Every structure is written in structure tokens, then in C-alpha cells.
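Report on the structure given below.
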Amino acid sequence: MLHLLDLSLLQTHFNRLVDKISQDSNFLEEALASTIKVDNFTERLFNIYRHVLQEGRTQSIVLGLNRSDYMLDQKEDGSASLKQIEINTIAASFGGLSSRTPNIHRHVLKVAGRLEECKRILDNNPSAGLAEGLSKAWDLYGSERAVILFLIEEVQRNIYDHRYVENELWKRNIPVIRRQFEDVCKTGCLDQNKRLFVDGREVAIVYFRNGYMPQNYTEQNWEARLMIERSLAVKCPDISTHLAGTKKVQQELCRPGVLERFFPGEPDVVEQIRATFAGLYTLDMGPEGDKTVAMALAKPNQFVLKPQREGGGNNIYGAEICHVLEGVKNSTERMAYILMDKVQPRPVHNYLLRLGSPLKLSTCLSELGVFGVYVRQGQDMVLNECAGHLLRTKSDEHSDGGVAAGVAVLDNPFLV
């Protein structure tokens, strides 16, 4: 049985972990050493990270808005345990829309005459929690005229998810502007104190809702990202926090002794975090990576092959794992991936309401996301909270793909 208080506490531990990783340059260098040799996108991010380290960090305020995703792993003996799929440290989405789904399901239950069941739909308002983190960082920045810049794509399909968070900020009288990388390229500049100005307006926070995939970047956009990272503006996330969320870092955290490095003298915290880890395996060159390749080729249906990519739809399953690994098993290209145990959740039957799809009873799988918010100023953690949750449900016909891909739908936990 899931206990929400336990999940909330666990999320604050993960907030601390991400923040500690982002401050440990030696760990990031070691963890990503092999990946940056073969993955150009991660290499470009890491080059910006090195540039910032060498120049010196300008801003002591750190803002993290992340989401840790889990599934219930069903064992053969019938027991189940919560296993982390990944942690998203950049552009963690659906905090806005998931703030509205409880009322939708309550309305449906009322129309169906199920008034008692309405009480079993949990309250949930991540948009307010995410806005609280942005608001706290904006206050600490200390300029009432400075804006929060939402860095967005040219075509923004998920705009309403943004707007709910944005509207929470306007309620607090915090000005928000929405701009693309191209706008930062054309009108962005740093003054002598490295304050960032875009369209002549001082920027207190750059909130990245874009910039997590290679196709988001032209050479000009890379230059804009570097300028943002060098600036006095608070970055959400900053480049080190972005790197802390990579798949390779997730895999390295599973190694013995690594969590203890970040939580010395806190064995209970280490135990709680480690209990959520599924098996994660390196594909670096050498005997350990060779063993991983052999294991995956022998039983591909028990694993997921993950590249260093965000945004959904990138993971590789089943026979396709064999196809990919056979092509790279003797090449350093395999180091661009990690291997993870495939979590085996218990399916349930439900109806998925999707545009253009017939309404039918489907065999479904669900994934629970937990939003985390933290703000640090120097060495002082001034905010560390769980901000709410997200439930996504999809048919078991689909191995990968989320809401944006049209595969999964937004859902709500139902207390039993």
C-alpha cells in the first residue's frame, strides 16, 4: 500500500540528492566521462558546465522543480514495491493540468450518482507548489521589476499546462514573459554585473520548458544557453542540475557506496532512496559492460535500453534491444545507453478517453509522478517540499510514449 506521507518525505530526499549531485563536480565528471565521448548532446551540455565552472558561478540561488516517476513492480509472489523509472530535472511537465484533473473525475462521479466515491479523489495542486518555488527564488533575487522568463518552443502544444503555473505567479504580482531561444539570441544581453536582459527587461529566473532535446538547439541556441548559464539570472534548472538528471547519472547512483557519498551519516535516507531503485547496468567498455550486453541479448523482454534523452518515446524494448545492441556491442557507441530492469506493474482495466479513439475497456498500466520543489541560497536550503503528484495511464499495448505522444492520458489515484 502506498502512503502519501512517505512519498512526500521521499521526494524531499530526492530533492536533496539532486541538489547535492549538482554541487559535486568530481562526481559529475566521473559519472559522465564515458557518455560525453560518444553522445554529442550530453557533451555540448557538459562543455557549458565546464565553462561555467572555470568562469565561476555568478548566482548563489538554486531553484529545482523536478518530478520523480514510479511504477509498482509486481513480484511473482504477489508482493509489490515502488520502483523509480526516472527523475526529470528539466521541464517536468503536467503540474498545471494535473492540478485540474481531480475536479474532472469528481464531476464525472457526481454525474454518475457516485457521491461517496468523490471523496476518494485526492486533492492535488502542483501548479501552486511549483509557483511557490518560482516565487521564493524571485523574492530572493530581489528586484520587483525583474521578470520570470518561460523559455518555450515555437509550437507549444502543452501551453495550458504552462498557463496554470503562470497564472499562479500573476496572482502573486510576479511578471512573466514567454520567449524562445531565438528571442534570447536576438535581444538578450548581459550587463557589466552579468544581469540578463531580454527585450530590455531584466530577467530574474529563466524557467526552461524547452532545451532538453538535441533538436531544440541550433548553434545560435547553444550560444544563448551559454549566455543564460553565465548570467546572474536564476536558472531552472541550471546546467549542473540538468546534468544531474541524465540516465547515466541515474545508473551510477545504483553503485555501492554512491548514495552514502551524498548522505554520510544518514543510513535511513540511503535505505529509503535505494529501495526505489530498479536494477541499472552500465554499457561502458570492459567486462562489466560486456556482461550487461550478454544479459540483455539473452533476455531482452526483461529490460529497457535507455539513451541519454528526455521527452518520452526514446526507450527501446524487446526484440528492438537485440537489434540495437547487435549493432553497437563491440563499439564505444554502446556507452551512449544504459540498461534498466523492466518494471512489471500489475495491469488494471479502465477506459481511456482520447480524441479520435473509440471508448473501450482496455488493459492499462499507470505511472505515478511526484513533483518536488527546492530553493537553496548558498548553503542554506530555504525550501524543500513535495508539490503534488501526477498519474498517467496507458494501454498495455504500448511499451513507450506518454501523454504528449497521444498514448497515455492524465488520471487520478483512487483511494481504496
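From the backbone N, Cα and C atoms, a Cβ is placed for every residue, glycine too.
Unlike curated entries, TrEMBL annotations are predicted automatically.
What TrEMBL records for this protein:
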type    : residues                                               : note
BINDING : Arg67, 90-93, 156-158, 209-212, Arg392, 403-404        : substrate binding site
BINDING : Glu86, Lys247, 306-315, Tyr317, Glu367, Lys394, Asp400 : ATP binding site
BINDING : Glu86, Asn88, Glu310                                   : Mg(2+) binding site
DOMAIN  : 146-244                                                : domain 'Glutathione synthase substrate-binding'
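Annotated features taken from TrEMBL, shown on the structure.
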| residue | record | Cβ contacts under 8 Å, 6 or more apart |
| --- | --- | --- |
| Arg67 | substrate binding site | Ile87, Asn88, Ala92, Ser93, Gly95, Gly369, Val370, Phe371, Gly372, Leu390 |
| Arg209 | substrate binding site | Ala91, Ser93, Phe150, Leu151, Ile152, Glu153, Gln156, His162 |
| Gly211 | substrate binding site | Ile90, Ala91, Leu151, Phe181, Tyr217, Asn221, Arg225 |
| Gln308 | ATP binding site | Thr35, Asp39, Phe41, Thr42, Thr246, Lys247, Lys248, Ala336, Tyr337 |
| Glu310 | ATP binding site | Asn88, Ile90, Ala91, Tyr212, Met213, Gly245 |
| Asn314 | ATP binding site | Lys306, Pro307, Asp400 |
| Tyr317 | ATP binding site | Pro300, Asn301, Val304, Leu305, Lys342, Ser399, Asp400 |
| Arg392 | substrate binding site | Phe94, Ser366, Glu367, Gly369, Gly402, Val403, Ala408, Val409, Leu410, Asp411 |
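Across the structure, Arg157 (substrate binding site) and Gly312 (ATP binding site) are spaced 15 Å apart at their Cα atoms. Around Ala404 (substrate binding site), the same-chain residues at least 6 positions away in sequence with a Cβ under 8 Å from its Cβ are Ser93, Arg157, Asn158, Gly311, Gly312. DSSP assignment over the domain 'Glutathione synthase substrate-binding' (146-244) gives 41 helix, 25 strand, 33 coil.
For the Mg(2+) site, the Cβ centre of Glu86, Asn88, Glu310 serves as reference, and the other residues of the chain with Cβ at most 8 Å from it are Arg67, Asp69, Ile87, Thr89, Ile90, Ala92, Gly245. Within the same chain, residues at least six positions away from Glu86 (ATP binding site) with a Cβ under 8 Å of its Cβ are Ser68, Asp69, Gly245, Lys247, Gln250. The average pLDDT for the domain 'Glutathione synthase substrate-binding' (146-244) in the predicted structure is 97.
Summary for the binding-site residues Arg157, Lys394: the Cβ-based neighbour count within 10 Å is maximal at Lys394.
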